[in-house]
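Here's what TrEMBL has on this protein:
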| type | residues | note |
| --- | --- | --- |
| COMPBIAS | 64-88 | compositional bias 'Basic and acidic residues' |
| COMPBIAS | 112-123 | compositional bias 'Pro residues' |
| COMPBIAS | 154-174 | compositional bias 'Low complexity' |
| DOMAIN | 1-65 | domain 'SAM' |
| DOMAIN | 258-289 | domain 'PH' |
| DOMAIN | 304-393 | domain 'PH' |
| DOMAIN | 399-524 | domain 'Arf-GAP' |
| DOMAIN | 603-710 | domain 'PH' |
| DOMAIN | 820-996 | domain 'Rho-GAP' |
| DOMAIN | 1028-1117 | domain 'Ras-associating' |
| DOMAIN | 1130-1249 | domain 'PH' |
| REGION | 63-232 | region 'Disordered' |
């Protein structure tokens, strides 16, 4: 054997490409290669780990058989026994054929059998054993016999010191198996096994766990093959293996025989000599001796299976139980054999390759044969392919680098998610990563993260790079990369791919969580610091400098060392040089994400997976959960959008032609269960909702679908980031008889339109003079400067969506001036309306702008202006002058960025200190011209108004100085402790005509008009005090004589005002977290309800009977209700309640006097009652009753005489106004718990107040008032009203601490 030629040996191993390397190293025979090591192979140029392992394994086998061969040569007269006739299979020669010719004397029996590759696409071969080396051929007289090796497997196997007992040095000779009578009795009644009775005993330590299972063996006596070297190419894979984890006893029995016993079966083997039998017994006993019998996975199991399940193997027409563990694949006939430890074969994956085939098929190709598997589904096929490819990677990997990197404790956990044993790293970012995070790093591109394997990319890992990772470690590196990670954004090992992608992009591409270097932003200083730092050993500081902007290719101004890399090398800093070396080819990372403008695809064809709900005939008002979506394969081609059950189906579930699509709506992020959704509206009044979690895929679909139905004449609309796009009919101009088709796109507050035979135009919705819906919700009227556009509702479904979207876009969109509803002259509508009202009604009001209004009325006006300032009309008598003046002041004080902008505000204040008047005016003019357009128009309008106010100071007592005191701190948003802000406002008013370049003639005309207005008002002597006062009795906390208050109720008094007046009369201090409300109490019906803070009191009093009264008391459940409403995402509610009604009123046929279970659904428009539980009611499941919410009044409490099943009930009153005579009906609802009743009641109130339409922060109507249908009071208001500060600034703005609960 040792004299075999290296060329022949390498040809057998299929590594003949290395023959030149062996010849150059002076190695011609196997004896000379005996002492080769991995380092020697590296020096010879053999660097692939798999090739090294194959060469060394063959040499180890050669060396391990030497002792056995020496024993054979030491007994030259011994002849091998002639196999008996009954052990032969398909004999090819006479039985008395001499044994000598069976093996060629020149054959190297230690070499592994490497048959030629199987022909592709051929049926799989029968499993045969081939674990012993095969000779090149056999004599014609040699019988072809099945054989079974006995391999050793154990968790705790340790070779003994005796060479003949060591598995790596002694290899027992072949055995024959002979069944004993005892064996036949034990196994006689058991089922057939896929392994022949001489099943191989695996010495593979990576065998998967095989839990013990009590069971029988095969039926009948098995055949007993004699072991001879095989010659078949497929014999590399055994016919059977037995895990030694299940061997309980190994003993010698009889002549040349030994018995291997497991919990389930007993195997009898026969050796060819007594010495061989003893060797086998000793080796097997050593394998099983000292083994841990109880494992966490299974007895004797050294590793955990990576994957397991059934696969069909082509050719066998049966499924095999397949287990992938570490770098091997094990095949079993079924799961029962897996549990008893009897397998068919194991496949070494270091020579394997996995290839995908059609649908459920895939091939595992080895040099010896092709295994063609069929999985149970395509999804399982993908999982099998992935896990087998991982096994190949594991087989070809080298864990030396990984073990060294993991020596640093923090490197044994992923730097991003914390997963244990990460096997990948970003060599330029210096972080060690798990496989899933490494995949997301690859998505960043090599210019940002260079990902390498710790186990397979051996050449990359130089000694210096390994030392860099050991020196830094994930913990130290994350002190830079992850210095500011919010807990809510941190990853865990179980985080999904989307979360990982978002986090890793933020962390490395944008640098969102990094620790900024003190020199960040100063390029020159960063470069200098880098040049200095590379001369020392602080590698982490170098990393921080580089990724905060230092240029690794900067010039050092030193001729000898022109770059930081040369500086590091010159100062003997190899680790610094290694770090810089990997950064030199990496461009500077752009931390701020650049805006990526999408360009529409040239071809309107697209396909991919989307998630779809069932089509609907109504708008989607409620949130759709992920469970309501189904995964569908969608295609867009030839003007048709189709969706299929899967990408393998040929018949679509549904189609939608592009010509049928009339509207496409892009939903806000996370509106439904999937982050990104869009809606399609069809001509047939159907709505289709699609979703995906991938924003890029979502954007592609939206643009592709839009291009498919938008005509070329309106193609510029596709370049917009629209929220809604589609086709509408409209009329405009002088021809209102004929409608024409227009294509519209809504972008923010701008409506882009392309009408027939017309150019594109923009309609600024916040600048509209009027926006209304007329003719029974069928025409949307947009009135702008010099033009009126009528948009017609051709289809109700998409038109309702357009109306709601346009009305929302036309409202105020934020707290800056540019986001307000504007007039034609770019003045906010709220400012224009307030100034106009005060000019008409308040210029003669004494102390205008100094006196405070009523807090509740001011807050209510502010809220109405925020909702839709254009629709609000201020009327004398209904709205007080002081309330309106306080609204104007509050608007400017709460304005984001301020009227003078935060950037130039200090410059305006400093200008007021200039002594030279002409220079001061010039500076004011310069600052005025620098303001944004809306700020300029607003400032000029306000100063013009204040100039007119001070011109009539003899009537209103507000001279120049007084106005400056009030508006200085308000407009500059200061605390008013000094007069700097007031001096600036005083200058602007005093020099109004010069600074704003106003014509004297125009100003004179304006003052004359105001004078006429004042004179007319004096003649008419308008009484602004409304009449019709009503005096009623109101009780405080309880109905008794000592608690009653007689209050004059004007027609305009609200519940909030009544509550304030009663509490002020009794001087009751209100503590924090106390909520006071005005309640309507009915003694007869034993029910009560809190009034809405804006609800007029007088109509309530007129509708009262003698058994009702008003009560002011605390609302003890208010805080809990606010918390509940805050936590709700969906404003609707559904659930079971017990229901009772008066049969004579509702006629539902229920038995009078009893409660019945009913399922209720409460949404923004109606309360629906179902006879049975309906989780998602459809059109088919129509409700038993349906009531509009707006017509309902909900009271707490139920009459006791009705005998309610629980004490937590609600009384619902329905007022019908459609009949000739109004009718009042009521019924009763009972809840099981108090918290359930509270939740229903809170939901009713929030929906009736319209809160479900604006789930955003709102300003409360008062510092003490809530904004559901309650009147909570908190804090004291009297002290603020009486303070001196109330004359210099808006008391509401100072004292208000809003409670943003919705």
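Glycine too: its Cβ is placed from the backbone N, Cα and C atoms.
Note on the domain 'PH' (304-393): DSSP counts are 25 helix, 40 strand, 25 coil.
DSSP states for the domain 'SAM' (1-65), grouped as helix (H, G, I), strand (E, B) and coil, give 42 helix, 2 strand, 21 coil.
Each residue in the domain 'PH' (603-710) gets a DSSP state, and the totals come to 21 helix, 44 strand, 43 coil. For the domain 'PH' (258-289), the DSSP counts in helix, strand and coil order read 15 helix, 11 strand, 6 coil. Across the domain 'Arf-GAP' (399-524), DSSP classifies residues as 57 helix, 11 strand, 58 coil.
Across the domain 'Ras-associating' (1028-1117), the DSSP tally of helix, strand and coil residues reads 21 helix, 33 strand, 36 coil. For the domain 'Rho-GAP' (820-996), the predicted model reports an average pLDDT of 87.
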